[in-house]
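Undergrad: What TrEMBL records for 399-424, 436-455, 475-495, 516-536, 576-597, 617-636, 642-662 is transmembrane segment. As annotated by TrEMBL, domain 'G-protein coupled receptors family 3 profile' applies to 406-684. The compositional bias 'Polar residues' annotation in TrEMBL covers 679-690. For 679-701, the entry in TrEMBL reads region 'Disordered'. TrEMBL lists 692-701 with the feature compositional bias 'Basic and acidic residues'.
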Amino acid sequence: HWTKTSSTSHYHVVASNHVSHSISHSCDPGEATKLLYDLLYTEPIKIVLMPGCSGVSTLVAEAARMWNLIVLSYGSSSPALSNRQRFPTFFRTHPSATLHNPTRVRLFQKWKWTRIATIQQTTEVFTSTLDDLEQRVKEAGIEISVRQSFLTDPAVAVKNLKRQDARIIVGLFYETEARKVFCEVYKEKLYGKKYVWFLIGWYADNWFKIKDPAINCTAENMAEAVEGHVTTEIVMLNPETVRGVSNMTSQDFLAALMSRLGGKNPEETGGFQEAPLAYDAVWALALALNKTVAPLKARGRRLEDFNYNNHDITSEIYRALNTSSFEGVSGQVVFDAQGSRMAMTLIEQLQGGSYKKIGYYDSSQKNLSWFGNDVWIGAGPPADRTVVIEEYRFLSQKLFAAVSVFAGLGILLGIVCLTFNIYNGNVRYIQNSQPYLNNMTAVGCMMALAAVFPLGIDGHHVHRSQFPVVCQFRLWLLGLGFSLAYGSMFTKIWWVHTLFTKKDEKKEKKKPLEPWKLYATVGVLLGIDFLSLVIWQGVDPLHITVEKFTKEAPKKDLDVLVQPLLEHCSSEKMNTWLGVVYGYKGLLLLLGIFLAYETKSVSTEKINDHRAVGMAIYNVAVLCLITAPVTMILSSQQDASFAFASLAIVFSAYITLVVLFVPKMRRLITRGEWQSEQQDTLKTGSSTNNNDEEKSRQLERENRELQKIIQEVKTNSSALDRTLECSLIPQEGV
C-alpha cells in the first residue's frame, strides 16, 4: 500500500513484511487468496498489489481488475501472464520465461542441432513456455522428437528419454524437482559426452549440492550428472557499471544487499537473484505514481482520492507504468505491449562444478555475444541423435579380380576356338559338326563370360547414376549369350533326336538334314529371348534399388551406428519377370537333358559331335539349375552371390568350349586330317564348306564328265558320217 510521506506530490510504496512474505515467497495460491481477501477488506485502501511468483500472480492479476487495482510483479515468469485480455492491469519487471526460448533456439542453430527433447514439470508456467518453444523451433526447422512431463516423480519420464535416444534435452522444472530429475538422470546414465541439458538459470548456484531427503543420490552423484549442462538466465543485474535512477551501480546495490544479509550465504538465500528486479519494481512504481500527479491534478484529482470503483486513477497509473523507461540496477527497465519486461539473456555452463558465463543473447537485436569458452566432454558439441553412417557394401575386389582373370582367359579360349573353327571350315570332319552352330556357341560363351565384368561392377567402380547402364549390360549380355551358346547346342540335339531316333534306320538317307532349319531354330530361340528382354525393359526397366540391413554398432565409438546398404539391379515386378524367364529357361534345360539322354546312342556323320554337345548340355543344365535359386537366396550376400553366379558362368563356358572344340583340335593335330583335306582341295580346285556345297561340286564334276562323253560321241559320229560319204562316191562313178 502507499502512504503520503511529505507535503510534496511524491509518494513512496511501502511493502508490508507480512504481505511481501506471504504472497511473494510461499507461492501458495490458496494462501494468496486468503491474504488478498484480507488486504482488500482491511484499511487502508490498496492502490497496487505486488505478488512474487507466477502461481500467485496469475490468481491476483486476474482478480485485481474487479477492484481496479494495478498488479506489478518482480518474480513472475509465466508466459501465460502475457495476456492483456486476461490480465489487463498486470506488469512485471521479471521477463517472461519465453524470453529463454529465442536464446535456446539460437544455441540450437549455433551447434547445428535439428532434433531436441523436452521434459517438464506439469505446471502452467512450464507448459506455456514449452508451447512457445515448440512454435519457435518449428519455425526454425527443428524437431521436438520427445516430449515428456511429470507431476512429482520424474523417474518414468527420464527412462522414456533414455529409451527414445534423446540427446539434446530442455528441462523445465523448479529447483526441488531438478534434484529429483538429475538423480534419475544419474541412475539412467543420461549424461556425459553424448548429452546436453538445458536448464533454467535462476536456481541457486549450488542447487545440486544441497542435501535433499527426497532423493537417494549423493552430492558426488549429482555433481557428475549435472556437469556440462547449459543454463539460460534473464540478465537480472546490469553488467555495465552505470549509475541509474537510484544513483547506485549494480555493484553498489549488491554491496548494500550483502550488508543487509549480515554475512548470510547468497547461494542459500531464496530470491537472491531476483532482488534487483524487486528493487527496480519499487522504483518503477514510485516513478509511475509521481508521473500521475500532474495529469490527476489537471482533472482536480489526487491519488488519495482512489477507491476500488475509481477507474480514472487506475488508467493514469497504467499509462504511467506502460511508458516507463529508466536505468535500474537490473538494466534498462521497459515494458512491452503485454506488460512484460524486455531484457538480455545470460548463457552459462557448469564447468568443474561452477557456472561460467559463455555468452549473452539480445533477442530484440538478434545478437549473440559469444565468449568462446564453452567446454565439452568430447571433442565438441555432441550430435543431436545417434549418428547413423550409411556404408555401402561392395564386392570383394580380390574375388572380382580373380574371377575376372578366369573370365578373360575364357574369352581368349573362345577366340582361339572360334578362329580354329573358321580356319578349318573346309575340313570334312569340321563340316560334319555344323561349324556355323559351333561358331554361335563360341560367341555365346564369350558373351556370357563378358557378362561377368558388369556382374561384378558396383558403386565402388561407377557412380550411382551410371548403375542402371551396368544393369542393362548384365541382362543383355547374359541373356543373349545364353541364347546363342545353349540355343545352338539345343538345336543340334533337337534335330538329331528328330531325324535319327526313328525305327527306320534308313530314314537318314531318305531325309537329309537341311542346314537352314538349324539356323531357323536358333533364330527362333534367340528371337524369343530378345523379344522378352525388349518387353521387360520397355514395360518395367531395371533400376537401382538399395537394400537396408540392421544397423551395426562399431566397437570404437558407441555414439555411431553403421547402416549397411547394398545396391541391387531390380524392377518393380522383378519376381514376376524372373519367374517367367527362369521358367522358360528351366524347361529348355530339362528338355535339353532329356534329348541328350535320348540321343546318346545315335551315330551319325551329319552332326558328328552331338555326344559332346549332350555332355556340355548336362553340365550347363546342372550348374544353371543349382545356381539360379542359390543366387536368389544369397542376394543379400554380395560376395557369395557373385561367386556362385560368376563361377557358374565361367565353368559352363569352359566346359562347353573344351568339350566341343578340344577333341576336334586333338583329332586334326594327331591325325593330320586338315593336311589331306587341304591337298584334296588344291587338286580339285574347289573348297566345300558344307554338305550342300560338296554335293553341288560333285554334280558339277559329273556334269563336266558327261559333257566330255557327249562331245566325244558327237565327234565320233561326225567322223563316221564323213567316212560313209567318202565310201559312196566311187560307186556312183562306176
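Quick reminder: no glycine exception, Cβ is built from N, Cα and C everywhere.
Automated prediction, rather than curation, is the source of TrEMBL annotations.
Help me understand the surroundings of these features in the structure.
TA: When pLDDT is averaged over the domain 'G-protein coupled receptors family 3 profile' (406-684), the result is 79.
Beyond its flanks by at least six residues, the transmembrane segment (576-597) meets 479, 482, 486, 489-490, 493-494, 496-497, 525, 528, 532, 536, 540, 613-615, 617-618, 620-621, 624-625, 628, 632 of its own chain at Cβ-Cβ distances under 8 Å.
Below 8 angstroms of C-beta separation, residues 485-486, 489-490, 493, 547, 549, 566, 568, 578, 582, 585-586, 589-590, 592-593, 595-596, 644-645, 648, 651-652, 655-656, 659 of the same chain, each at least six residues beyond the ends of the transmembrane segment (617-636), sit close to that stretch.
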Undergrad: Under an 8 Å Cβ to Cβ limit, what residues of the same chain, 6 or more beyond the ends of the transmembrane segment (436-455), are close to it?
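TA: Same-chain contacts beyond the flanks: 403-404, 407-408, 410-411, 414-415, 417-418, 421-422, 470-471, 473-474, 477-478, 480-489, 491-492, 515, 518-519, 522, 609, 642, 645-646, 649-650, 652-653, 656-657, 660-661.
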